[in-house]
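Working notes for the structure below.
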Amino acid sequence: MTLWTIKIGTSLLRGNKEFSTNKIIETYCGFIAESKAKGDQVIIVSSGAVGLGCNRLGLKVRPNDLNSLQAAAAVGQGYLMSLYESAMKKYGYNVAQILLTRSDFESKRCFKNASLTIKKLLDWKVLPIINENDSIANEELRYGDNDTLSALVSTAISADQLVLLTDIDKLYSSDPKFDKDAKPITDVHSSNEIIQIQSNSNESNNWGTGGIKTKLTAAQIATKNGITVHLADGREPKILKDILKGSRGGTVFHPNPKPIGTMKSWLAHALYPQGTLHVDDGAYNAIQNKGASLLIVGIINIDGDFAKNQPVKIVNLEGIEIAKGISSISSESIRRFINNRIKSTQYPVVVHRDVLVLSSELLI
């Protein structure tokens with residue numbers, strides 16, 4: 001049994017001269033039903049609500065302001081779900097809508113609840129359809145792309161494979177639309193390779209919010225958690241059938257043999273730091289090389305305001321980020337200590353090692 005996450009991009013659901021949006025979804029769902037029938041589990045992360053909403057409203061150009069985008073998403077999301085429901089009903093499967101925002105992942109409790117809900121739906125042989133909650137999320141709560149969301153969901157449910165269906169056939173060394181010497185990249189084996197790949201392609205067309213960079217970010221998140229990622233051209237729907245049967249996508253991002261684990265992935269990728277802790281060389285060495293927690297005495301400066309148990313990033317004297325974690329002490333209390341520099345034989349822990357992830361752990 002394989003647990004699949006399939007991300008379907010906006011550009012694939014707009015329809016074209018050959019296939020309507022309805023036909024495209026029906027085709028994908030047919031392949032998914034085949035996979036489920038042989039015992040696999042599948043979830044879909046589907047874009048398209050804004051694009052379909054614009055289409056139904058007769059808008060020829062995608063709006064730029066957030067309120068218009070949210071209104072279009074509200075129109076399109078219901079229609080999008082009706083297409084999936086109709087397509088899967090033919091094969092005897094129910095579908096479930098799950099709308100998420102960044103805040104759902106920033107709370108450890110909500111993060112766990114979301115994963116448990118998805119797993120229960122899978123136990124019931126339901127097909128979860130996940131999308132960002134575009135209709136209510138403000139700029140601070142939005143991921144802005146479903147590539148990152150698909151990787152975080154895959155991590156939360158411990159998926160085996162993530163398929164990113166898009167409108168390119170594979171990853172290239174540069175944008176082949178503008179560079180005739182662009183070389184195809186069929187395999188990527190580490191996060192370092194992902195970081196080193198320089199893509200000069202346009203970030204998106206005007207109907208989508210994801211681009212090559214967001215797909216690289218998604219691949220980095222997923223592979224660090226032991227998940228194989230396929231980047232494939234969804235304009236040829238049959239490629240999904242082939243991948244679900246064991247073939248490969250145009251580019252395969254191979255999983256890290258030593259996953260960092262759900263907790264560290266949550267700390268590194270799901271949380272938005274509310275402040276920055278500047279540490280001295282002693283604290284840097286203790287954190288980086290000795291596996292220690294961050295004590296308050298090692299903090300020399302602080303940026304931002306945050307409450308107890310909120311996420312922070314930790315930087316060295318050069319301002320380079322070295323870690324992220326959860327602060328057990330508020331910014332107000334830390335500033336009070338810095339201003340007074342109270343001497344003690346036992347200083348409190350600000351970020352415990354159990355809720356800290358090193359930046360270097362993400363570069364392997």
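Quick reminder: no glycine exception, Cβ is built from N, Cα and C everywhere.
Going by Swiss-Prot, these are the annotated features:
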type	residues	note
BINDING	K7, T166, D167, T209, G210, G211, I212, K213, T214, K215	ATP binding site
BINDING	S47, D134, N146	substrate binding site
DOMAIN	274-349	domain 'PUA'
Query = S47 (substrate binding site) to T214 (ATP binding site): how many Å between their Cα atoms?
reply = 14
Request  = Restricting attention to the domain 'PUA' (274-349), give the mean pLDDT.
outcome  = 94
Ask   = Which whole-number value in Å describes the distance between the Cα atoms of I212 (ATP binding site) and N146 (substrate binding site)?
value = 12
Inquiry  = What whole-number Å value do you get for the CA-CA distance of D167 (ATP binding site) and N146 (substrate binding site)?
reply    = 15
Number of other Cβ atoms within 10 Å of the Cβ of I212 (ATP binding site) across all protein chains = 21
Request  = Tally the residues of the domain 'PUA' (274-349) by DSSP class, grouping H, G and I as helix, E and B as strand, and everything else as coil.
outcome  = 23 helix, 25 strand, 28 coil
Ask   = Counting only other Cβ atoms and using a 10 Å cut-off, which of the binding-site residues S47, T214 scores lowest?
value = T214
Long-range Cβ environment of K7 (ATP binding site), under 8 Å and at least 6 residues apart = I44, V45, S46, S47, N146, D147, S150, L162, V163, L164, L165, A218
Remark   = Cβ contacts within 10 Å for D167 (ATP binding site), all chains included, total 14
